[in-house]
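Colleague: First, the structure itself, so that you have it in front of you.
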Amino acid sequence: MAPIKRKDVNTHDSATLQPQKRARVGAHQQSKSPKKPSTRASGPSTRERPDKPIHGQDTAVHRSDLSVMRDEEPAFPRGGGSVLTPLEKKQIQIQATQDVLFPQKHRGKTLSDLPGGDDDIDIPGAEGASLTRKSRKMKSKGKRNTKPEPPPKQDVRIEGLSFKRIVPGAMVLGQVSSINKHDIGLALPNNLTGYVPLTSMSKGLDERLDKFINTGQDEEDEEEGNMVSDEEPMNLKDYFRLGQYLRAYIASTGSRNNKKKIELSVDPRHANSGLSGTDLVVDSAIQASVVSVEDHGLVMDVGLEGSNIKGFMSSKEIDPEFDYANIKDGSVFLCIVTGFNESRTVVKLSANLRASGSIKKSHYLSSAPTINTLLPGTAAEILLTEVSPNGMLGKIMGVLDSTVDLVHSGANSGVFNLVNKFHKGAKIKGRIIYTFPAADPFKVGFSILDHVLKFSTAGHNKIPSSETPTLSAIIPDATVVKVDPGLGLYAEIGPKKHLGFVHISKVADGKVETISPDRGPFRVGSDHEARVVGYNALDNLFLLSFERSIIDQPFLRLEDVTVGAVVKANIEKLLIGPSGIEGLIVSLAEGISGLIPSMHFADSQIQHPERKFREGMTVSARILSVNLAKRQIRLTLKKTLLNSDSAIWKDYHDIVPGSQSPGTIVNIYPHGAVVQFYGSIRGFLPVSEMSEAYIKDPSLHFRQGQVVNVHALSVDASLGKLAVSCKDPSTYSEAYGKAFDDIHPGILVTGTIFEKSSDDLLLKLEALGLIARLDVHHVADGSPSRQSSILAKFRVGQKLPDLLILNIQRAHRLIKVTNRESLKKAMKQGELPLKFEDLQERSQVKGFVRNIASSGIFVEFLGGLTGLLPKPFITDEYLNQPDFGMIKSQPIAATIRSIDMDSRRFTLSMKPLETTSTMTKGRREKSLQGDDDAVKNPIDESIRTIGDFRFGRVTRSKIVSIKDTQINVMLADNIQGRIDVSEVFDKWEDIKDRKQPLRKFRSKEILPVRVLGIHDARNHKFLPISHRSGKVPVFELSAKPSFIETADPAPLLLDQVTEGSSWLGFVNNVTDGCLWVNLSPNVRGRLRAVDVSDDLSMLSDIEKHFPVGSALRVQVTAVDLEKGHLDLSGKRGSAVQLSMDHLSTGMILPGRVTKVTERQVIIQLSETIVGAVSLIDMADDYSKANPTVYRKNEILRACIVSIDKQNNKISLSLRPSKILSSSLPVQDREISNAEQLKVNDIVRGFVRKVADNGLFVTLGHNITAYVRVSDLSDSFIKEWKEHFQEDQLVKGRIIFTDAKNNKIKMSLKESTLDPNYKTPVTLYDLKRGQIVTGKVRNVEEFGVFIVVDGSVNVSGLCHRSEMAEQRVRDARKLFENGDIVKAKILKIDLEQEKISFGLKASYLDNGAGEVPSDEDSSEDDEAGGTGGLVLELDSEDDGALGGVDLKGVSDRGGDRSDAKKGGLNIGGFDWSGNVQDDDEDAALLSSSDDENVARKKKRHRKPEIQIDRTGELDARGPQSVADYERLLLGDPNSSVLWLQYMAFQLELGELDKAREISKRAIRSISIGQETEQLNVWVALLNLENTYGNDDSAEEAFKLACQYNDVQEIYERMISIFIQSGKNRKADELFQTALKKKISPTPKFFLNYATFLFDSMAALDRGRALLPRALQSLPSHTHVDVTSRFGQLEFRSPNGDNERGRTIFEGLLSSFPKRVDLWNILLDLEIKAGDADQVRRLFERVLGIGISKRRSKKGTAATTATETVPGKAKLKSKQARFFFKKWLAFEESLAAANGGNDRMVEEVKARAAEYVKALQSE
């Protein structure tokens, strides 16, 4: 058994290394005498299962929940003999460890609360411990203890899981077998099935369910509730999948209706019950539910109550059967623990069970902290203690009993015998599948079935085939292979010998007492007829029945019921409702029931169904539909459906137009009816297809439930639409259709009446055979009563001549005729129009009333042509009558008043035409008088009104402005117009500037134009003049000379454009991938970017070479008049019609990128041609082949390298040597055939496939090289697939070629590629005392395993005693996997191939120190024989990474001048966030150095054994992780050392490790070292800002604010952003700090203002900070802050000196005595360089301006407007200071070129005068 660590033991406590105390605590004495550790137990030793007390014990002793397994120890730790035999010792030891394994309660106290603290305690339940103590006393003193012996322990029995043995609280592994609406079914071991209700799945699903219920009841959340219901949030198929493995918690068991039911829970809170955070270890199984779906993975809830542990699953670790994008919150997964974070608050999970739970990859538990870890789903190894033909017993880790039943041992197949295959004492690996919490002793169920070990689904269940038995199938020959007399038998079925199980109750119809494998009808080898009744995926067993009643049963499942089948059914129940009997519940077979609705009782409605139907009665019915989701069946008893031989319509795809089938009307609407067929098939029966006669109201002719025989008119299977008809399809023959197409409205026909009704007549037209309808309103002219009277006189068979066809509805095959003489007369006179084109204004027409509305009368003519008679144009005699005195179909005569050609509408008038003209003229005159249409100052003097601008009118215009695509002109003061660029030029030669064609025109230029129409700004087209809307329209004009001069102008329309024609176009818009080109204002076409020009160089920047408004010569490639689409091309000749036949290898064509993937780029060459660029064709240097550099819609030049016309595939190349120049250097040549390759050629290629037998590398098109596994590396790599992936670039040497068979082999070994390759170091090349570099391969508590660099995986152990001068208790705290170390070889054992290393600093000090002897090196209190390690060949191939120098980082003991700005500067990366505080940081570092020196001096005064030798590293400083760890042991509070460590990891590219080091540094630095901690925090912020993303930087910033001064962190972070050029983020952080009042100090406001002035150039925002600062800051700081803002105006390159002067003038006017303000202003002005301004300022501060003006009478350089400070005089020292400053200023000017020496003398003279004046006063 592997060592099992005990919990809550402090490995750093020195007391643990001393002999442990042992104390026995009795349960009854614990509460009375808790401080007496030596008190013995009075009750007998007992043991107890977890959470369940043992019955029959004298004293209820409960062990603590925190009891754990501890390391194996001898029974007598120190001395003493034993009278026990070795076998008895071993048994006692195993028993003791087993007892410790089972947690028990100690009256609510943990072990740490018991007397003795962490010392070992013997509890009465631990029999092994008590026996070893008592055995000697019992031998020597005799029988002193007269108390009764404990009851004998029950033996562990081999048994499987059964319904009787299942108890609530047990755990079981299950596999999802069904997913229903409100629950899921789980296949459990041993032919059991359980159900998980919706409320027992996960916490997330519970919350969603509650939200769904609440939103459904809350009206305020109605919208959200509707959204949730529409999305069906509780569709469990979105959360689980069939075959998914889950751990289930038994919630309850019971029986109902003779059916046993097991209710389960998969909620992690239940499925992980009993687990705690310390119970979790790598490779253990845990159930988790999804809390949220993030970009990189899933946040999981592991359901550990009272723990803050969360789970995280990477997106790469999800179940491959699930789509990551479709995973929802609340989904539940069984996961394998793969790791933890450093603080064990986050457990890393994997739901890819086949990979992470594979036992072949050693993913099983060899040790566990507690028994709670061993739950179903966890893999482990058992030691067999008993093997029988029906199962096996064993122990997990030597302490936990486990049983392997017959099914899960695989022996039920009868192929092998367990006794022959396994033997006692063997170790086998398997998976725990259930627990027996009620068993004594506690035990678990074990499975060694292959699919359970692999977490896979049995093959025949996953991939159904014809050879796989289906459920409900009848098997003629089932052969018995195994008999379990008390349970049942196992049989082989099907050609593939699938295994099935027959329970003893299912072997025959009667009761069978016993079955025997040797005799009787069910002996082994006998054949029987069987029926498949189920399948258990977990057991991989088909469930069979030999019962004749089951075999003869028609249906076993709902899925077996066939829609349309005629069945016998027994009436079980009559459903009685408010209206009587509403349905019948019928039974088809056992457990299968259906519903017959009242609608389907009979063809006609039954008045008293209760008299016809009674319970128990057998009826014949037909299956209408089967709803598997709702588990419902609908049947019918209608004889028309029951006896119908027509096709069964149950699938839209099977319905053919013209086929017939009966259906039931379920809904009736005014426009038709819905007909229900079989299944979910429904069709619509339009009212026009219900009968040949006219049907006004379908409800009068049809009823719900009526069966109609229909035929299909049309069917759309994709949309699920079906149209049916009741009309006789035979009447619509080919001749009928031809005759129907030949007739048209307006002709006279003769018809024979064959059907008559009160509303119409149906006639058969002679010579045509067509059917027409004559409405009662069209029988004759006259009143409605007269029409009804005439209709009554007609008889069937009577002929009616000269009937006028009014309208033909071809879709409904309906012809309308009339017999009105008035309409026939109008037809002869030409007053009854047929087409819209026949209409003419002012013409007289005659029609009939179609409809009457309040706004007017709609008048219909022939062919459905309809016009409007508006109310104002109805004569007065009808105007005031109801419905204007009209009725429908009444003839009416009118005059066409107006025609709208665009909308195809026209209006009528009943009033005389003269009156209409007079009214229009009157309105027009009135409008002119009101100046509504008057024109002011027209450019063309002949224009008087707007009406003069009619279509085709040639006039003059004045240019107002010129745009890219149009010229805006003025026709008059209130009239505007526009000339589109396409209406300016006639020919290409007329355009001088192709990019700016309108450039030659000038504003106010007069142009002749012709009116085209009114401009429509909505759709950018022009309309006819009749569409003028508004008082001031914008006219569309043309300035083309040819259009102005022509006599019959006609604008260009789309129907005039033909394919292949050439035009002059102008770019109107540029979008992604195409240009929009105008041929005229109304004709616009699309020009693809790749078709713009033959010059490929111009396609690189479309917008530059073809700007908006530029001119193009284009050709038309396609015209679609229906959709209004026009496709153009700017290419010349054959390039316009680019097709596969025009392409050839080597052609260079432009193309547009349409898709970019990780391995190729898709380029579109034309509308129908697309090519692909693979990795080998992207660059001449394969290392630069990166598809992600190309963006969608980018235009590229590509060369065709291959064409596959058969498969319509084209391969393109983007190699510069192909598309630019063949002389360009090519690093990776293009390989087109195998003959180009020779042996020993070194080539590069991309991995195409990673197979089990090696790699396949793509070298060229159809050229693939094979790399054997042995040729991948010089060293052995066990998991070699992890080092290669598809599309990876590799380099190798050709070792074999066969051009004929196109076979190539290559090698990737370094020895074949590098001529200077050195043979890897072997064990025999190493010597004792040699110093080597290597990498840590594995870390254990007792030491680290190191692989020597440059070796054939030579590895050895460095024991923890050889790691450092100080004692190391746990090596895992110092090293991690992958750390680079320098070690010294202490011992080499060639025979056992072992090496021992040493990492002490003394070993590495230039050979100083001695190699310890063998005795010293073998000192270890762990398991024996761990001083070295046998050579292993299973680690990865590590490169020589040892001895890495940390450039730019000085030794800790050396000069630290490079550690600038509070941190390190490594490769341009500044660790600190400071810009200005250099001096403070330097002082900080120096103080830190002084502290370190002082500490070192103190250490030297300690005993020699405590000396820290970490400073005695070699001159190069720390070179490995071990070096830094040793240094940090000596000085853990040095931030500089931590920063160097981080920089070291960054140089190695280990960003995550650098982060971990920073977090570790923050935890390790002492609490009082705030400055040191701040340095690390700032370094972490720098690291995240430089290498991390926004989220990681934000998280680090928030944590830094929590643990440090918020103001300091904000300032440092802002400085970091400014340094890295992230001004926007710095500005946002400034604003946040300002809003939250993080730093209301003058420094903050000044820094923010400086940032806004210098970095952002936001002067207004910077100046606005001053009043805000004065409001926030104390008054005593106002002067200084205002002064600083004034200085900022001078010093900032974006500032304004005048504004700065204004600020200082305001200050000086309020504080004239502030000499410091004067001095600052003087310095600023001197720096500004305005000498006159400086002199005036000196005069003002010295107060000599007035006297100067008086003495010199204005000759001095001062102005009369200057103000002089008050009468207050400067002190003599102040005056002397300013005069000296003035004199120095003048001297500097005089020294410069152009200086004035006179001013120097003048200043001296003024100083003398000033002194005299002071003396005189």
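Using the three backbone atoms N, Cα and C, a Cβ is placed for every residue, glycine included.
Marked as region 'Disordered' by TrEMBL: 1-84, 98-157, 1408-1461, 1484-1516. Taken from TrEMBL, the feature compositional bias 'Basic and acidic residues' covers 1-11, 46-75, 146-157, 1448-1461, 1503-1515. For 133-145, the entry in TrEMBL reads compositional bias 'Basic residues'. Look at TrEMBL and you will find 169-267, 283-352, 472-547, 564-638, 658-727, 842-911, 952-1028, 1060-1131, 1146-1215, 1240-1309, 1329-1400 tagged as domain 'S1 motif'. Under the heading compositional bias 'Acidic residues', TrEMBL lists 1412-1423.
Situate these features within the shown structure.
Modeller: According to DSSP, the domain 'S1 motif' (283-352) comprises 6 helix, 33 strand, 31 coil.
Under DSSP, residues within the domain 'S1 motif' (842-911) fall into helix, strand and coil as 14 helix, 35 strand, 21 coil.
Across the domain 'S1 motif' (952-1028), the model assigns an average pLDDT of 82.
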Colleague: Can the domain 'S1 motif' (472-547) be said to touch the domain 'S1 motif' (952-1028) if we require at least 3 CB pairs below 8 Å and skip pairs under 6 apart in sequence?
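Modeller: Taking Cβ pairs at least 6 residues apart, the domain 'S1 motif' (952-1028) and the domain 'S1 motif' (472-547) are not in contact, as fewer than 3 fall under 8 Å.
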Colleague: Of the residues in the domain 'S1 motif' (1146-1215), how many are helix, strand and coil by DSSP?
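Modeller: Result for the domain 'S1 motif' (1146-1215), in helix, strand, coil order: 9 helix, 34 strand, 27 coil.
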Colleague: Under a Cβ pair cut-off of under 8 Å, which of the recorded stretches 564-638, 658-727, 842-911, 1146-1215 contacts the domain 'S1 motif' (1060-1131) most often?
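Modeller: Looking only at 564-638, 658-727, 842-911, 1146-1215, the most contacts with the domain 'S1 motif' (1060-1131) come from 1146-1215.
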Colleague: Would you list the DSSP helix, strand and coil counts for the residues of the domain 'S1 motif' (658-727)?
Modeller: 6 helix, 35 strand, 29 coil
Colleague: Look over the recorded stretches 169-267, 658-727, 1329-1400 and say which has the most C-beta pairs under 8 A to the domain 'S1 motif' (564-638).
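Modeller: Stretch with the highest Cβ contact count: 658-727.
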Colleague: I'd like the per-state residue tally for the domain 'S1 motif' (1240-1309) from DSSP, helix first, then strand, then coil.
Modeller: 7 helix, 38 strand, 25 coil
Colleague: Within the domain 'S1 motif' (1329-1400), count helix residues (DSSP H, G, I), strand residues (E, B) and coil residues, in that order.
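Modeller: Per-class counts: 6 helix, 37 strand, 29 coil.
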